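What Swiss-Prot records for S2 is N-acetylserine. According to Swiss-Prot, the feature region 'Disordered' maps to 32-257, 375-434. Sequence annotations record features per position, and here Swiss-Prot assigns compositional bias 'Basic and acidic residues' to 32-58, 70-79, 95-105, 144-178, 375-392. Per Swiss-Prot, the feature compositional bias 'Acidic residues' maps to 121-140, 220-241. The coiled coil annotation in Swiss-Prot covers 162-230, 293-360. Per Swiss-Prot, compositional bias 'Basic residues' is recorded for 393-408, 425-434.
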Amino acid sequence: MSNSLEERLRANSSAFDGLLALIPAKYYYDEKSQEQWKAKKKTKEQSKNDKLKKLDPEQRDDETSSTLEVMKKKEKDAKPVVLPGEKFKHMKMQKQKEATSKVEGDSDLNVEVNDPMIIAPDEDEEEEEDIKVIFDDEGNEIPLESKKDTTEPDRSVEKKSITEEEKLQRKKNLEALRSKLQAKISDMKSKRKAPGSREAILAQRKRKEELKKRKRLESEQEQDQDEIASDSDMEDIDSDLENNSKKRFKKGKKDSEINADGVMFQNIIFDDGARATSDLQRLRKAGRTKGPAKNDVKSHLKLLEAKKNKMEAKDELEQIKQKEKEKWQKAMLQAEGIKIRDDEKLLRKAIKRKEAQKRKSAIEWSERKRVVEDTISERQKRREENLRIRKDNKGKKRNKQEKMKRKYVGSAVPKKRAGFEGRLKTGKKKGGPK
């Protein structure tokens, strides 16, 4: 029974080992998932080196190796399991081993002084010395000392030979890296035009500090000058106010004689309808103004086009002078309250609106004329018919007489309501996108 159980356990363990050998260690242990957000994209050289590491068994690390290999490595460094109830016993054994290891350590030091070829064991091997018995899968004891004696010297020699080669290689790599770094630093300095020596750097810093100090002093001086100027201005204003107040007291009624030649006023209309000029010196004459009437939009447009053609025929300098003159004239007329019609776009819009209104009124007038003519003709017919009925009814009894027709009123034309109600903008605009 025990043999069959052992066989089954071995089979199961070998199956699990096979599965672990297929799983990469980085997915099984997942130690780098905590620092995953710090991950950066590998360069082409790094990815190439990783591929080479996978193929080379000496350069393989925990990322490239399988889960089984990592587990075996951890088993080598693992400490022995303490069974429950044997903790104190284990502690006593450990103290005894520590005491013996101290004595052995002293003897080993003496041996190293006498014989330099003998190599001291590593810390991991010292921990392995504490374990005297190791069990295999079947439960059989394997003595550790015999195994240790066979493997220890070869490993130490290999390590020593590797370290010497590595030291030489490291020195070469360090020298190459230093030379590269120096070259890069010098290249960057030349690009940003940095000063070469330390003295030049210090001189540049001093120069910058001096410039800053000079700027600060200049700004302070400007502020002081502004303050002095503001104080002097305030003193001048105070003195002017005092002088003005004295003059007012002296002159008295001479305020009415203030010269208002340079002052322009807007359109001022009196109760009787008379209007004053912009300088308030005289009344404005209500004479007939030159040019077309206010509502004659077409004439205004023609006048504007003629003026534009005349302006285009002149030189550039004359055009500029004329425009400046017209600008002032326009401002003066607007100040007087005269409406100026010199916007071509608005004039054309007004003409278009007036023409549309004319067309609409023409249609309404023709419709009204037709209705009036129809009513006149219908009334005439009705009258003639009533006269005929009246003639026919003579000599007949009342119950046999034909009734007279009523007076023709005409078709009721729907009256338009007062006010503007707008229209529904449902139809598409003419000439719009189809």
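Glycine too: its Cβ is placed from the backbone N, Cα and C atoms.
In this model, the coiled coil (162-230) carries an average pLDDT of 82.
Taking DSSP states H, G and I as helix and E and B as strand, the compositional bias 'Basic and acidic residues' (70-79) has 8 helix, 0 strand, 2 coil. Break the compositional bias 'Basic and acidic residues' (375-392) down by DSSP state and the numbers are 18 helix, 0 strand, 0 coil.
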